[in-house]
Ligand code: H2U
């Protein structure tokens, strides 16, 4: 019997994080007798008077949101990071009890005044305005001399802990470079120093040639299920040019970014005909005043759903105690995403009803 990646258990390597994932494709063939039902999604109004993020409404702390027409950002009223923190450090000497003060700030980014929309239901022009706001925030927050990292992210869906269905994301900006981007920085730097090219430009060149894990592509961006994906439908949107940070994208590339973000999330929603939950975020160069040619920015999507609108993957047991693990291969997941229409299932229904 000869080994093949489609049928036999194996491990895959993630060169960005220097971590491994256990892949068990043979398990995906086991019978499934659990739920497969669709869920009824509540119909939301365009403006909800009780929503803290809608235009003109009063937030919990009494501040009133302006009558914004596109995007709107504000400092998180319950920020996890604070600017005004005295500097302090603790180290017991042999490194067993270490702690360090951390300064930073958190913002909330409203994607649209429309309470009833999500990114895949917005027009590309509207999403482009979100990209523009991310660019502005990265620039302004990163310009503060003590801010060395700006983490842009979106939690979509209550299953991901999102507290409000109004389309929004967050930004946490801070002194230290957090662990995930720090790992990626180290590995990208080692690769760049050795090869003189970014790890991701060499990687996506091969992905584009092979096409097996590509789920969407336009002139400037490619969306792929990475070879080393952990979450069942994990993807990554990567600019084709080696761009270190969002502020280095050309106007045309920003349009292409918005298009890729929209197209990928439409396909996601169409898989189970449900608003597909995920945590997504941009990994890019730190704002520490250095050039960072090794960094190739990318946006990661980590959706928890596995088999249906309600059956999600749990990162428990072996994953918690030993190693990340997945059943369906990245190639099978990619084929499933790729085959989805670029017309959102809700607008397809509307078209049919006409
Ligand atoms: P999440 O739904 O992704 O948790 O984001 C909503 C954020 O909005 C959350 O971090 C903030 C919460 O602290 N928020 C305010 O800053 N002001 C409010 O009036 C309500 C919610």
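Note that the numbers count up from 1, one per residue, in the order the chain is shown.
Using N, Cα and C of the backbone, Cβ positions are placed for all residues, glycine too.
Together with 51, 54, 166, TrEMBL lists one candidate of 115, 220, 283 for binding Zn(2+), that being 115. Taking the centre of the Cβ atoms of 51, 54, 115, 166 as the Zn(2+) site, the nearby residues of that chain (Cβ within 8 Å, site residues left out) are 47, 48, 52, 53, 57, 113, 164, 165. Looking only at the domain 'Galactose-1-phosphate uridyl transferase C-terminal' (185-347), the predicted model's pLDDT averages out at 97. Across the fold, the C-alpha of residue 115 (Zn(2+) binding site) and the C-alpha of residue 168 (active site, tele-UMP-histidine intermediate) stand 10 Å from each other. For the pair residue 54 (Zn(2+) binding site) and residue 168 (active site, tele-UMP-histidine intermediate), the C-alpha distance works out to 10 angstrom. Between the C-alpha atoms of residue 168 (active site, tele-UMP-histidine intermediate) and residue 51 (Zn(2+) binding site), the distance comes to 12 Å. Neighbour counts of Cβ atoms within 10 Å were compared for the binding-site residues 51, 54, and the top value is held by 54.
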